[in-house]
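Undergrad: I'd like to ask you about the structure that follows.
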Amino acid sequence: MAGQPSHMPHGGSPNHLCHALGPAPPPDPQRLPNTLSFRCSLADFQIEKKIGRGQFSEVYKATCLLDRKTVALKKVQIFEMMDAKARQDCVKEIGLLKQLNHPNIIKYLDSFIEDNELNIVLELADAGDLSQMIKYFKKQKRLIPERTVWKYFVQLCSAVEHMHSRRVMHRDIKPANVFITATGIVKLGDLGLGRFFSSETTAAHSLVGTPYYMSPERIHENGYNFKSDIWSLGCLLYEMAALQSPFYGDKMNLFSLCQKIEQCDYPPLPGEHYSEKLRELVSMCIYPDPDHRPDIVYVHQVARQMHVWTSST
């Protein structure tokens, strides 16, 4: 990725949560290079409760004893899931993510290796997420009002534009990674690290975590790029309107899913409920050829215009 630092920023940075903890011990060739030893340690946190888990990770609500801030502490089984180069790339990526500073992005505060685990300290998103909101409306048999769709989508676009302007791809945009605070502020989480420890964004060998947001270029293993994030934004916008993924289907195997994605075969959104502009933006983002998808600047511009228009009507 362009612009990646060759090492992690030092602990004196104002963005870091904790102070330096002393010099690093000599590196063990069997372990991840101990570039993070001057950061926090687990002793600096009072862990309160588990708030999430993934295949290789667990997330806890915790209090940093150094400044009494409530944070999220993500513990990743980094040595069980990847080789040495992937671990080094993962640590570099975290260094890049810490440079992001945006009100709609969950802040990466610190990271350190301890007990053979990668510990990532994050701003706590102590709220619901977009997938829960979609499920709520589906259960109520109600569509999400278009004004509400744009209210949240414009904030998400602002977050993604900030990331792309700094040459950072998200790689895992989906409703479950879009948190919404009690005051209606969007917080985009799980940034950039999906390729390291998320099985849900790759073509899994089973239907567990079926990748409904996987773009055609991922199917053809052509690599992820910034336009792949745009595809995911289009899928998310569609799902907010239709209350299900564009490529969702009952009893569908991975082969038929990939066929639907390659052909952009999805049901049209109801024209009587949603504007032509929304439906047009979805079709532009969910387009087979990534070179013909709009960039995030355009998507954000449309979202801003529609947010203003729907808020005033």
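A Cβ is built for glycine as well, from the same backbone N, Cα and C atoms used for every other residue.
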Undergrad: Would you identify which residue of Lys74, Lys85 Swiss-Prot lists as part of the ATP site it also attributes to Ile51, Gly52, Arg53, Gly54, Gln55, Phe56, Ser57, Glu58, Val59?
TA: Lys74
Undergrad: Swiss-Prot tags one of 163-166, 259-262, 267-270 as region 'Interaction with APBB1' - which one?
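TA: Based on what Swiss-Prot states, region 'Interaction with APBB1' spans 267-270.
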Undergrad: In whole Å, how far does the CA atom of Tyr108 (site 'Autoinhibitory') lie from that of Asp172 (active site, proton acceptor)?
TA: 16
Undergrad: Which has the fewest other Cβ atoms within 10 Å: Tyr108, Asp172, the recorded positions listed?
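TA: Looking at the recorded positions Tyr108, Asp172, the Cβ with the fewest others within 10 Å is that of Asp172.
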